[in-house]
Amino acid sequence: MELWPGAWTALLLLLLLLLSTLWFCSSSAKYFFKMAFYNGWILFLAILAIPVCAVRGRNVENMKILRLLLLHAKYLYGIRVEVRGAHHFPPTQPYVVVSNHQSSLDLLGMMEVLPDRCVPIAKRELLWAGSAGLACWLAGIIFIDRKRTGDAISVMSEVAQTLLTQDVRVWVFPEGTRNHNGSMLPFKRGAFHLAVQAQVPIIPIVMSSYQDFYSKKERRFTSPGRCQVRVLPPVSTEGLTPDDVPALADSVRHSMLTIFREISTDGLGGGDCLKKPGGAGEARL
């Protein structure tokens, strides 16, 4: 049975009306629409990036192209990203960046502050994420199979050599997975072993909580939003050995968690979602 021509128009208008009603009446629907568009937009930008990046082949300099394409994404959602402490980045030497990991929105803060010749270490599954995976591979992103410990250790040893010989910086999320509970998970020690093995400094970066505008658990994504990205002073690993790694990881996590609580309660990213006795003040760096 064929529909008369006007029926398709009527169905389209009905669908648009339904979507509009869901958008204005359901915060959960708005959350899913926004996240679907966010992920779809990233895949589309990756398609644009692939032919440009392919000219160089797999090259860390291609991260500049991805960053340029992704920097505007915060404006689509009315998210203001404020960066503090960027002067703490060493101007020339290699280093390991460690950052907290809350959601895929971390990409917005990362692109805002990403240093030159810095690539993330990502789970291997991302490599198969369509156009995004290919764009990431062309940008030199390092993929690790977290299920195969032996392979991961081998890759990290190679990365340590790359840091020193090719003047590359790496960005690691030491929690190992996204954390939505308004705190920080215990840190895995791979990034710290890497920094100690290469004898390069660690640069902790903290992104404030998104709870005032985003919550996966509550299916909430509102606009506008504000996020502060705080770059902490370098942590030296000079002279440290693998035996020092557990204490090093705990110390860095403690300093990052302290800053996370401060900047998530000062009205620049977390509203009052994280209460801290005595109030919040400017972090002393």
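Cβ coordinates are placed from backbone N, Cα and C, and glycine is handled just like the others.
Listed in Swiss-Prot for this protein:
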SIGNAL    1-28  signal peptide
TOPO_DOM  29-34  topological domain 'Lumenal'
TRANSMEM  35-55  transmembrane segment
TOPO_DOM  56-124  topological domain 'Cytoplasmic'
MOTIF     101-106  motif 'HXXXXD motif'
TRANSMEM  125-145  transmembrane segment
TOPO_DOM  146-189  topological domain 'Lumenal'
MOTIF     175-178  motif 'EGTR motif'
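Counting residues per DSSP class in helix, strand and coil order gives 27 helix, 16 strand, 26 coil for the topological domain 'Cytoplasmic' (56-124). Predicted-model confidence for the topological domain 'Lumenal' (146-189) is 80, expressed as mean pLDDT. Helix, strand and coil content of the topological domain 'Lumenal' (29-34), in residues and according to DSSP, is 6 helix, 0 strand, 0 coil.
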